[in-house]
Amino acid sequence: MKLAVYGKGGIGKSTTSCNISVALARRGKKVLQIGCDPKHDSTFTLTGFLIPTIIDTLQAKDYHYEDVWPEDVIYKGYGGVDCVEAGGPPAGAGCGGYVVGETVKLLKELNAFDEYDVILFDVLGDVVCGGFAAPLNYADYCLIVTDNGFDALFAANRIAASVREKARTHPLRLAGLIGNRTNKRDLIEKYVEAVPMPILEVLPLIEDIRVSRVKGKTLFEMAESDPSLNDVCDYYLNIADQILARPEGVVPKDVPDRDLFALLSDFYLNPQGSERSLAAV
């Protein structure tokens with residue numbers, strides 16, 4: 001099974017991805033997490049350091065794939081999760097999609113791409129150009145991380161449009177939304193009313209989630225010394241269980257940006273009195 005995790009920049013995708021990866025490993029699955037961001041910090045909370053990227057390794061070996069070994073690019077993270085960072089082209093040059101393609105090519109050359117029960121792509125920000133939408137070409141499911149904010153949901157709609165486009169050519173489905181660090185969900189529910197899709201989980205505004213990123217640890221690792229965090233880990237285990245059940249998922253509805261902008265902004269500004277629907281926009 002292959003998963004692609006997207007969401008607005010800074011929404012907590014990498015923290016969420018790392019904890020989902022550990023949760024899947026706790027369920028007995030062999031998991032590989034692939035960071036698809038030039039910052040190459042996707043797997044930081046799994047490994048505790050910034051691991052070398054595949055692009056760095058290939059450049060050091062003059063792109064001689066035959067000289068690269070699995071241990072050169074695959075690092076063991078917390079909970080037995082294997083970690084890879086694709087890296088990226090120099091700032092202002094090149095294409096991130098090319099980097100993702102080279103990463104998958106190398107892992108296939110190493111016979112590693114098919115050795116895992118679950119491969120999770122953690123993809124940079126809310127960029128949904130053809131390049132950074134590339135992981136959707138390999139994914140069975142897309143997961144979108146959001147919060148209860150207007151901007152994050154607007155970004156989610158753009159990502160949903162990419163899923164819809166990719167689903168034309170292969171059996172990709174949107175597994176659903178994950179609300180991250182939010183005590184409210186009214187705007188999320190308004191969005192899902194307009195664009196029907198599952199809400200896999202909504203994690204409350206828990207400071208330890210943010211702190212875990214700074215510490216370079218997953219919530220599961222932190223829970224070893226602070227058992228009160230086991231309740232937080234249960235959120236990620238619930239997400240893992242839903243994914244492993246191979247949900248039907250959805251091909252998202254086509255909602256024009258302007259219509260959704262009007263709907264969400266109206267509800268955001270007037271949450272009590274708004275009865276507006278997309279049909280009225």
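Heads up, the Cβ atoms here are built off N, Cα and C, so glycines get one too.
What Swiss-Prot says about this protein:
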BINDING   Gly10, Ile11, Gly12, Lys13, Ser14, Thr15, Lys39, Asn180, Arg181  ATP binding site
BINDING   Ser14  Mg(2+) binding site
BINDING   Cys95, Cys129  [4Fe-4S] cluster binding site
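Within the same chain, residues at least six positions away from Gly12 (ATP binding site) with a Cβ under 8 Å of its Cβ are Val145, Asn180, Arg181, Ile209, Arg210, Arg213. Ranking the binding-site residues Lys39, Arg181 by how many other Cβ atoms lie within 10 angstroms of each Cβ puts Lys39 at the bottom. For the binding-site residues Gly10, Ser14, the greatest number of Cβ atoms within 10 Å around a candidate Cβ is found at Ser14.
Across the residues annotated as binding ATP (Gly10, Ile11, Gly12, Lys13, Ser14, Thr15, Lys39, Asn180, Arg181), the two Cα atoms farthest apart lie 23 Å from each other.
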